[in-house]
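Visitor: Before we start, here is the structure in question, set down as structure tokens.
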Amino acid sequence: MVNLLDLDAARLAAFFASQGEKPFRARQVLRWMHRFGQADFDAMTDIARSLREKLKELAVVGPPTVVSDRLSGDGTRKFLFDVGGGNAVEAVFIPEDDRGTLCISTQAGCALDCSFCSTGKQGFNRNLTVAEIIGQLWQARHALGAYQPAANSAERAVSNVVLMGMGEPLANLDNTVLALRLMLDDNAYGLSRRRVTVSTSGLVPAMDRLRDECPVALAVSLHAPNDRLRDELVPINRKYPLRELMPACLRYLEKAPRDFVTFEYVMLDTVNDSEAHARELLALTEDVPCKFNLIPFNPFPGSPYRRSPAPRIRRFAELLMAAGVVTTTRKTRGDDIDAACGQLAGQVLDRTQRTTRRSFVLHQNGHEVCG
Ligand code: SAH
Ligand code: SF4
């Protein structure tokens, strides 16, 4: 059985061609699945009965199962998906006045082991398939009523997607690119490139590939202004140090849909939040058109860090803004349902034994990164 949610438009057309079917049939089915949220071939009424019967034998429309769906008092909504084998991943919907942002996951766990990240501490389980990545959007749209007729009210619509849930999207680049193409496809979700953001810890070769294969808005998890500190916080820095990461950001901007990179910077008390760090950060990023998004650290059991006090975060932001760099500080939302940055936890088995806990944490929800 082929899961048709694993296929972008080009692959779906190839699949239909292999069955002797015309390309426009593939487009019709693509629209039924993604634009109208249909999983039942019999309901695809403009497809010939014989083709529907053939599809029923060969294929399924199989999104991941929603195992929990919780609504916060502030409207934030958290979805937990079973992806089999004891793995679960999460997505968070954050409604705001002018947009609705869905934060989705790309891996079960993460291999990169950033020192302040709960997902990293759980270790890596596996890459999500295209169906599991795009299926988070498909399921969220169903739950939000976005597939209902006349459903265009702002609180139902997913206008923006951020790949800032569990995992490193660029370590699962092939599947991420296919899922991104579906998000952008007018016969599927029709989102503009500017409203889809990939967040990366800085996998330099994959940043170049993303730029060439499917450029969307880019957020880079910087978190430190020098290699010594970044080696400690974001270990992938030892492989791709700042002298390689900064030029990679500039190369990305040559084809990016936005003319700046967003640098994410987690605020860790006394670790990376001094005025000297802010000045060093400005010097480091001087040549890169950028914005900063400061993320107050969300502690998790066993984490060695504390969140920077609010006045220090404000001072840090002021120094960056005084130098002319747009700087936002991420709000904590959905904390009454454990949906704030660093609070999401699913029931999954930690196979790597890096920790003894049996939960995953989706560290943040990214709602101020794009727009
Ligand atoms: N792997 C990618 C995308 C997912 S992480 C990346 O690292 O960019 C999304 C953002 O949440 C990153 O900027 C990450 O550094 C941040 N983050 C991770 N753990 C956090 C925590 N405990 N508190 C606040 N932000 C955290
Ligand atoms: Fe992986 Fe991102 Fe967490 Fe680092 S911050 S461990 S790259 S998910």
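The backbone N, Cα and C atoms fix where each Cβ goes, glycine too.
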Visitor: Could you look at SER199, SER274, SER308 and say which one TrEMBL places alongside GLY167, GLU168, SER221, LEU222, HIS223, ASN298 in the S-adenosyl-L-methionine site?
Guide: SER199
Visitor: Find the average pLDDT over the domain 'Radical SAM core' (96-336) in the predicted model and report it.
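Guide: Mean pLDDT, the domain 'Radical SAM core' (96-336): 95.
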Visitor: Of the binding-site residues SER199, SER221, LEU222, which ones put their CB under 6 Å from ligand 1?
Guide: SER199, SER221
Visitor: What's the CA-CA gap between GLU90 (active site, proton acceptor) and CYS110 ([4Fe-4S] cluster binding site) in angstrom, rounded?
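Guide: Cα of GLU90 (active site, proton acceptor) to Cα of CYS110 ([4Fe-4S] cluster binding site) measures 14 Å after rounding.
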Visitor: Quiz question: given the binding-site residues CYS110, CYS114, CYS117, LEU222, which has the greatest number of C-beta atoms lying within 10 angstroms of its own C-beta?
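Guide: Of the binding-site residues CYS110, CYS114, CYS117, LEU222, the highest Cβ count within 10 Å belongs to LEU222.
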Visitor: Under a three-state reduction of DSSP output, how is GLU168 (S-adenosyl-L-methionine binding site) classified: helix, strand, or coil?
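Guide: Once the DSSP labels are grouped into three classes, GLU168 (S-adenosyl-L-methionine binding site) ends up as coil.
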Visitor: Among CYS110, CYS114, CYS117, these being the binding-site residues, pick the one whose CA is nearest to that of LEU222 (S-adenosyl-L-methionine binding site).
Guide: CYS114
Visitor: Identify which of the following binding-site residues, namely GLU168, SER199, HIS223, ASN298, place a Cβ less than 6 Å away from any atom of ligand 2, and list them by sequence position.
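Guide: List returned for ligand 2: GLU168.
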